[in-house]
Amino acid sequence: KCTLCEYATTQNSSLTQHMRVHTGEKPYKCTLCEYACSNPGSLKIHNMTHTGEKPYKCVLCSYAGHTSSALKSHMVNHTGEKPYKCNECDYACAQSSSLKIHMRVHTGEKPFVCVTCNYACNNASSLKVHLRIHSGERPFKCTECTSSFSTSSRLKRHMSKHTGEKPFKCSQCPYSCFQTSSLTTHMRIHTGEKPFQCSECEYKCTNSNSLKIHIRSHTGEKPYKCEICNYACTTSSSLKSHTRVHQDGKEYTCMVCNFTSTEISSIRAHKKTHLDAKQFKCDQCEYSCTQTNSLKIHMRTHTGEKPYKCSECDYSCSNSSSLKIHIRSHTGEKPFKCADCDYACATLSALKVHIRSHTGEKPYKCDQCDYACTNSGSLKIHVRTHTGEKPFKCTECDYSCTSSSSLKSHVRIHSGEKP
């Protein structure tokens, strides 16, 4: 068993490989580029991108892929088999995982959350694409010009500008496109079919994206925000139209004070000075914040007041968000999911720490030596190697140690329990 999460296996080699998720270690490196990974299987698949090897071949057409899973997904194009059907609309698919993701269109569930901004979505691949907005990564490059894109579908769409190819044609009108999904959606204009229905009202539409936008009229969500003023809207096209109000060369004014600039970047940087301002201060300590409600919650650390109580156990706390997180220990809910692996957890902070195992980031550094780690808890334990502090003591003998996990392992000597 892993001492850091719930992972369990029967093989030591599998556990060793799993631990690299926590340590961020990527010992398998590509000799042709900077790619590195935690296991030989991933490196083997990656090497095929250099060699051009595609060992998994379709027996019905010329398609070939790097992995068996890619071939399996491709075969659906030939068989047309879609055994998994949605009970809310006419959607059907070839894999249960695809149906699970689709159902979130109806439930509104968005378990994949960006740790950098407030963006949330219903599947890991969308989050992975979104994260490229922050990283600036555009791995899909056009071979005909200098354009590059964050997704393969956008590159494919762009390539049609060079080739002019639109192989999928409507049998009812001159419409043509380069994706079967676009043609399927278009055909509903002729058939009148509207399989996507709002659960709040009688609204129906031809595609999931239109339903997603419509649902925002009920939730009030306006994810597209203008960086120059307070304008917010439900669609990217509306935001694009709005930004024309802010013409190039125009002087931009801060909405909080009289600061002005002709540079958008200057206004963005200036706005952060207001976000950093903390006008509400605690009269008991040095704490300060930007909202009166935050100060009210903080004051409970001094008064000891814990008005939020768990109905399942004796736990109580000072704020509703802490109670919400605690309740997940009873329900087993883990809404925060990693876009790069199967890891899931109950809190955003835990997900942030986990993601560092993929990025290799270690922001917590020891001021006594070169040690660095992904979280404050590990640093606290490490510092005890310098101070000599061993707060965890065995009740059966004189043994003491720096961490609860070490004590837990030691106690097995007395209990005879096997790990």
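Even glycines carry a Cβ here, placed using N, Cα and C.
Marked as domain 'C2H2-type' by TrEMBL: 1-27 (among others).
Marked as domain 'C2H2-type' by TrEMBL: 56-83 (among others). Here the domain 'C2H2-type' (56-83) has long-range neighbours at 45, 48-49, 92-95, meaning same-chain residues at least 6 beyond its ends whose C-beta is under 8 angstroms from one of its own.
Same-chain residues lying 6+ beyond the ends of the domain 'C2H2-type' (84-111) with a Cβ under 8 Å from its Cβ atoms: 73, 76, 120-123, 193, 195-197, 199, 208, 211-212, 215, 219, 335-337. Residues or ranges marked as domain 'C2H2-type' in TrEMBL: 84-111 (among others).
Cβ atoms under 8 Å from those of the domain 'C2H2-type' (112-139) belong to residues 101, 104-105, 148-151, 223, 335-340, 348, 351-352, 355 of the same chain, restricted to positions at least 6 beyond its ends. Positions annotated as domain 'C2H2-type' by TrEMBL: 112-139 (among others).
Beyond the ends of the domain 'C2H2-type' (140-167), by six or more residues, the same chain brings 129, 132-133, 176-179 to within a C-beta distance below 8 angstroms of the stretch. Look at TrEMBL and you will find 140-167 (among others) tagged as domain 'C2H2-type'.
The domain 'C2H2-type' annotation in TrEMBL covers 168-195 (among others). Within its own chain, the domain 'C2H2-type' (168-195) is flanked in space by residues 89-91, 153, 156-157, 160, 204-207, which lie at least six positions past its ends and keep a Cβ under 8 Å from the stretch.
The feature domain 'C2H2-type' is assigned by TrEMBL to 196-223 (among others). Looking at the domain 'C2H2-type' (196-223) alone, the prediction's average pLDDT is 84.
The domain 'C2H2-type' annotation in TrEMBL covers 224-251 (among others).
The annotation domain 'C2H2-type' is assigned in TrEMBL to 252-279 (among others).
Feature annotation from TrEMBL assigns domain 'C2H2-type' to 280-307 (among others).
Under the heading domain 'C2H2-type', TrEMBL lists 336-363 (among others).
Per TrEMBL, domain 'C2H2-type' is recorded for 364-391 (among others). In terms of DSSP secondary structure, the domain 'C2H2-type' (364-391) contains 12 helix, 4 strand, 12 coil.
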